[in-house]
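J.: What follows is a structure written as structure tokens; I'll ask about it next.
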Ligand code: PMP
């Protein structure tokens, strides 16, 4: 069976080398005669994995020792709750959020359970087709939360606002895809299952000095400070996803780091968007300047061509192109590991439809 051109939105394509090395570690980890799946998370070999998985994130992001890195369970969705638990003050806590899609709205919902949430920018009324930009966030807020890339709708923040409070970002679907000054953020989180690895681990990068200021007795498993004190081993961590994430980040590092990935990602997105814009049969869902380099959402203008198009991309070995059920149409997710050749195959299918 030949490898598919995998445009899945996540879990998604990872470097082939990561699949290979993960498979080897499951059979025999480091030549130990034991599987990665059967050793203690407290074993010397796994502690080394966790240490390096935490360290490489700081190296790739060019962050200093004022930041801590955690790998937690619970998905990015648990972070929707952990952020307010750790940052929203008790009593009259108040946070600002932008509402830019389904996941942002999920974060807002959890924030509201612990304090006041003001939505300072929203594109909800316009089907989340753009990134709101003209807003200010004052120092009376405990933090500001945004979503860097809206996986379902296909919009992406190009710039991050200067706010007078803590800057928190859900980077689940574009982390490590482009060069950013990561030091502008106080807290970054991301489910691993796009650019970082398989599902099951969630990355949290947090500036230590912002913690411990809410006046709240935080449940242990939700307390960043406790996870930091235990070096991301307060309980049994998601051992395999952490290992595969380490392999994914090592692969990124070896291949030129974030800067090289960005060049590739821009080339892939340009190739596809140029075809969508050129081809009279297709149209994107989003505003030009806010289109995501990771998830391109588009539709056929003439629905009677749907069967023909679907058959053509499937015959070309493409997988995972259907849009999210709440948006419809198509979504081509072009994460770091997707080769530009796969995008070319899709573009050729679109060209041939004319
Ligand atoms: N935020 C974003 C931007 C996402 O794309 C997703 C899921 N794809 C989530 C949050 C939720 O992540 P999880 O399923 O890991 O909870």
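Cβ from N, Cα, C; glycine included.
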J.: Quick one: which of 136, 151, 214, 284 does TrEMBL put in the pyridoxal 5'-phosphate site with 76, 77, 103, 170, 193, 235, 236?
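T.: Matched candidate out of 136, 151, 214, 284, per TrEMBL for pyridoxal 5'-phosphate with 76, 77, 103, 170, 193, 235, 236: 151.
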J.: Across the domain 'Aminotransferase class V' (6-346), what is the average pLDDT of the model, as a whole number?
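T.: Value for the domain 'Aminotransferase class V' (6-346), mean pLDDT as a whole number: 97.
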J.: Enumerate in sequence order the binding-site residues 151, 235, 236 whose Cβ-atom distance to ligand 1 is under 6 angstroms.
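T.: Cβ < 6 Å from ligand 1, in sequence order: 151.
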J.: At the Cα level, what's the spacing in Å between residue 103 (pyridoxal 5'-phosphate binding site) and residue 194 (N6-(pyridoxal phosphate)lysine), rounded?
T.: 15
J.: For residue 42 (L-glutamate binding site) and residue 236 (pyridoxal 5'-phosphate binding site), what Cα-Cα distance in Å is obtained after rounding to a whole number?
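T.: Here the two Cα atoms are 9 Å apart.
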J.: Provide, as an integer number of angstrom, the distance between the C-alpha atoms of residue 236 (pyridoxal 5'-phosphate binding site) and residue 194 (N6-(pyridoxal phosphate)lysine).
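T.: Checking the Cα atoms of residue 236 (pyridoxal 5'-phosphate binding site) and residue 194 (N6-(pyridoxal phosphate)lysine) gives a distance of 23 Å.
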